[in-house]
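> Sharing the record's features from TrEMBL:
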BINDING   Arg56, Thr57, Arg106, His134, Gln137, Leu267, Pro268  carbamoyl phosphate binding site
BINDING   Lys85, Arg167, Arg228  L-aspartate binding site
DOMAIN    9-147  domain 'Aspartate/ornithine carbamoyltransferase carbamoyl-P binding'
DOMAIN    154-301  domain 'Aspartate/ornithine carbamoyltransferase Asp/Orn-binding'
Amino acid sequence: MLKNNWQDRDIISIPELSRTDILTVLKHAGELKKKPQPKLLEGKVMGSCFFEPSTRTRLSFETAMQRLGGRVIGFADAAVSSASKGETLYDGMKIIGQYVDVIAMRHPLEGSARRASEATDKPILNGGDGANQHPTQTLLDLFTIKECQNKLTGLKIAMVGDLRYGRTVHSLLQALKFFQPTLYFVAPNFLQMPDYLLRELDTAGIKYYCKDTIDEVIRQVDILYMTRIQKERFSDITEYEKAKSMYILDTPLLRGVKPNMRVLHPLPRVGEITSAVDNTPHAYYFQQAENGLYARQALLGLVLGKLN
Ligand code: CP
């Protein structure tokens, strides 16, 4: 088994990854996309512990493990785990860590992945903890941006929608700091990017602009990163109702955009990109979702000591 600085590592949040780490994951993801390795993780078992709903993250993690020759145990709903009987996250993850080699997890509480990592020595791969972080999504997003733009550095990127509660944009912003982007944040005031993240950009000397409408930015950018207004994150339903129809991308808005402009979205979408956009050359969100498979394969191979 290879011993490297990846082996047994938890992937909890983007600030724990260096630029080199990120580029290493992207390199392996690209190689695995070109050349599958069906025996790389033979004999390994992944725990798939999803306390919150998921389609892409859970199924791409599970497929990633299986397509590398490993096996998967787990649950897709906290209600069928002993969390429903009141077992603490700490106890549950300590036990599961005794059964498996690596754990992919999602949980509605911020900090839950970190807490799980304190319970077990097995690597924890954070598939989303509340409104906090979604680091594996960021790795697949960066892989996708590089794939569709042929570079990562110096791009103009707009993030649209729920920037306050959106863990995908929080993680992505922190990773993009390594690649000198110009960023545009398109959201109503009450859903704008949190101040602590804007301060991180100030410190890193990254240019950013807060805007009210997609129309103000769409013809300038290389990437338009749309997000869903997340009903489940709102305590005040009237704020949700106000926000949900404000940012809808349809084909008339695409007039005059750069030929290379690509629309990304972590998905699921609930109306913020019309289906007509799917048939334009700018839509790239389905390829983005597929790339989750390769980015997660790369991570599994790295933390299980089979890639370096
Ligand atoms: N992008 C993403 O996290 O999708 P799921 O919620 O379906 O996992």
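Using the three backbone atoms N, Cα and C, a Cβ is placed for every residue, glycine included.
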> If the criterion is a C-beta within less than 6 angstroms of any ligand 1 atom, which of the binding-site residues Arg56, Thr57, Arg106, Arg167, Leu267 pass it? List them in sequence order.
Arg56, Thr57, Leu267
> Distance between Arg228 (L-aspartate binding site) and Pro268 (carbamoyl phosphate binding site) at the Cα atoms, whole Å?
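Per the Cα atoms, Arg228 (L-aspartate binding site) and Pro268 (carbamoyl phosphate binding site) stand 7 Å apart.
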> Determine, to the nearest whole angstrom, how far the Cα atom of Pro268 (carbamoyl phosphate binding site) is from the Cα atom of Arg167 (L-aspartate binding site).
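On Cα coordinates alone, these residues lie 14 Å apart.
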> Give me the mean pLDDT over the domain 'Aspartate/ornithine carbamoyltransferase Asp/Orn-binding' (154-301), rounded to a whole number.
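A mean pLDDT of 95 is what the model gives the domain 'Aspartate/ornithine carbamoyltransferase Asp/Orn-binding' (154-301).
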> Tell me the Cα distance separating Arg167 (L-aspartate binding site) from Gln137 (carbamoyl phosphate binding site), rounded to the nearest angstrom.
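Spelling it out, the Cα of Gln137 (carbamoyl phosphate binding site) and the Cα of Arg167 (L-aspartate binding site) are 9 Å apart.
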> Among all the protein chains here, how many other CB atoms are within 10 A of the CB of Pro268 (carbamoyl phosphate binding site)?
11
> In Å, how large is the greatest distance between any two Cα atoms among Lys85, Arg167, Arg228, the listed binders of L-aspartate?
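Overall maximum Cα spacing for these binding residues reaches 32 Å.
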> Tell me the Cα distance separating Lys85 (L-aspartate binding site) from Arg106 (carbamoyl phosphate binding site), rounded to the nearest angstrom.
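About 19 Å separate the Cα atoms of these two residues.
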